[in-house]
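A quick write-up on the structure given underneath.
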Amino acid sequence: MKYIRELEGLRGIMALWVVLGHVLAALPPLFGSLPNNLYNSYPVQVFIILSGFVIFSMLDRGPQSYPRYIIGRAFRILPVYWVALLISIVSLPLATEILHASPHGVATDGRIQIIEIAQSNLFFHILAHIPLLQGVLPTSVLPYASLTLVGQAWSLTVEWQFYLVAPLLFLMLTSLGRVSARIAVISIAAVCWIVSPYMESGFLGNNLPMFCAGFLSYFAFKNFLQKSSQQELISVAVLSIAFTLVFLRDFSAPLIIWIITFLSIVSARFSGSSNVIGSILSTRIVTYLGRISYPLYMIHMQVLFASMWLSNTLELSESARIVAIPVIGVVASIAAADIFHRVVEVPFHELGRRISTNPLTRRNGLDAA
């Protein structure tokens with residue numbers, strides 16, 4: 001499948017939404033009944049849907065060895081994550097001081113509690129975080145493991161778990177004509193249903209509906225949507241939204257965001273006529289945010305703490321903080337993400353590509369698609 005520019009733009013807007021929510025949560029209540037975090041779990045769920053779509057489209061390009069596939073994925077996400085993890089571990093004591101010294105924000109108590117939980121069992125939290133598998137630990141084994149150290153990485157451990165099993169899922173879902181594949185799919189769903197209540201938000205099983213929405217969107221795109229008329233796409237959108245509101249209430253907001261955006265993109269791409277959503281997602285600034293969205297997502301909390309420290313040092317008034325922390329936090333996060341993108345993300349991604357295309361890597365291992 002060809003590169004879809006608008007999906008990168010969507011990723012950029014979702015990343016900015018997360019950053020704004022986390023930054024504003026450092027402040028006192030601002031919007032009455034609207035939470036300061038701006039419901040920023042929604043864009044994270046849209047990220048998960050996007051991953052389901054993108055990974056299945058990548059696996060559908062043709063056979064590749066599993067080592068080649070997983071090396072490429074590892075070099076894509078682990079270097080930036082490990083740098084963010086190291087910064088977070090080193091700055092834990094300072095982060096606690098900053099939170100205690102700052103005026104009370106809506107997320108302050110929760111952030112202090114999470115840091116204290118991490119510090120009380122730091123070695124095991126670090127041990128769980130290094131391989132990015134903190135999300136597979138039951139609550140009874142290491143409480144809040146998904147949220148300690150690098151809190152926003154709870155969704156990253158979910159994605160990493162998905163990357164590890166995605167080739168198997170793809171193989172099963174494209175072989176449903178076989179009885180064994182059907183049994184395997186039902187068995188996996190049953191295991192996730194049984195285990196999920198004992199796990200935290202970072203467990204793959206608790207997020208499978210979003211991944212399903214992504215890879216089912218890919219199959220629909222491949223086999224039906226790109227051949228449909230604009231009127232048929234509108235009908236699909238209306239029926240999908242209605243189904244979501246009735247049967248998938250807990251996931252309705254991110255799914256509706258995805259349905260409207262994705263079908264608008266598909267409509268514009270294959271009808272040849274632009275629409276408002278596609279035009280916005282294709283703008284230079286939005287696609288730029290998409291390119292740096294991963295480091296932006298991973299390092300913005302450390303930048304937020306730095307902006308809070310600066311506000312404390314300058315002894316800004318509460319009204320000045322309400323302006324300074326969001327402005328400094330967002331602008332500095334984008335600047336830092338740009339640096340991380342150029343210095344860490346891109347070089348290691350290219351290194352992973354060279355390693356994964358090595359003849360030895362191509363020959364060895366199981367097919368990933």
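Backbone N, Cα and C define each Cβ position, glycine as well.
Whatever TrEMBL says is automated annotation, not expert-curated.
For 5-336, the entry in TrEMBL reads domain 'Acyltransferase 3'.
Beyond its flanks by at least six residues, the transmembrane segment (12-30) meets 36-40, 42-44, 46-47, 50, 102-108, 152, 281, 286-294, 296-297, 300-301, 304, 307-308, 318, 321-322, 325-326, 329-330, 333 of its own chain at Cβ-Cβ distances under 8 Å. Summarising the annotation, TrEMBL assigns transmembrane segment to 12-30 (among others).
Below 8 angstroms of C-beta separation, residues 1, 7, 10-11, 13-15, 17-18, 69, 155, 158-159, 162-163, 166-167, 170, 207, 210-219, 221-222, 251, 253-255, 257-258, 262, 297, 368-369 of the same chain, each at least six residues beyond the ends of the transmembrane segment (42-59), sit close to that stretch. Look at TrEMBL and you will find 42-59 (among others) tagged as transmembrane segment.
Taken from TrEMBL, the feature transmembrane segment covers 80-101 (among others).
Among the features that TrEMBL reports, transmembrane segment is placed at 153-172 (among others).
Tertiary neighbourhood of the transmembrane segment (179-196): same-chain residues 169, 171-173, 203-206, 208, selected by CB-CB distance under 8 Å and a gap of 6+ residues from either end. What TrEMBL records for 179-196 (among others) is transmembrane segment.
Per TrEMBL, the feature transmembrane segment maps to 202-221 (among others).
Feature annotation from TrEMBL assigns transmembrane segment to 233-249 (among others).
For 255-272 (among others), the entry in TrEMBL reads transmembrane segment.
Annotated transmembrane segment per TrEMBL: 292-310 (among others), in sequence order.
The transmembrane segment annotation in TrEMBL covers 322-344 (among others).
For the transmembrane segment (202-221), same-chain residues at least 6 beyond its ends with a Cβ under 8 Å from one of its own Cβ atoms are 1, 45, 48-57, 60, 134-136, 145-147, 154-155, 157-158, 161-162, 165, 169-170, 173, 189, 191-193, 195-196, 248, 251, 254-255, 258, 262, 266.
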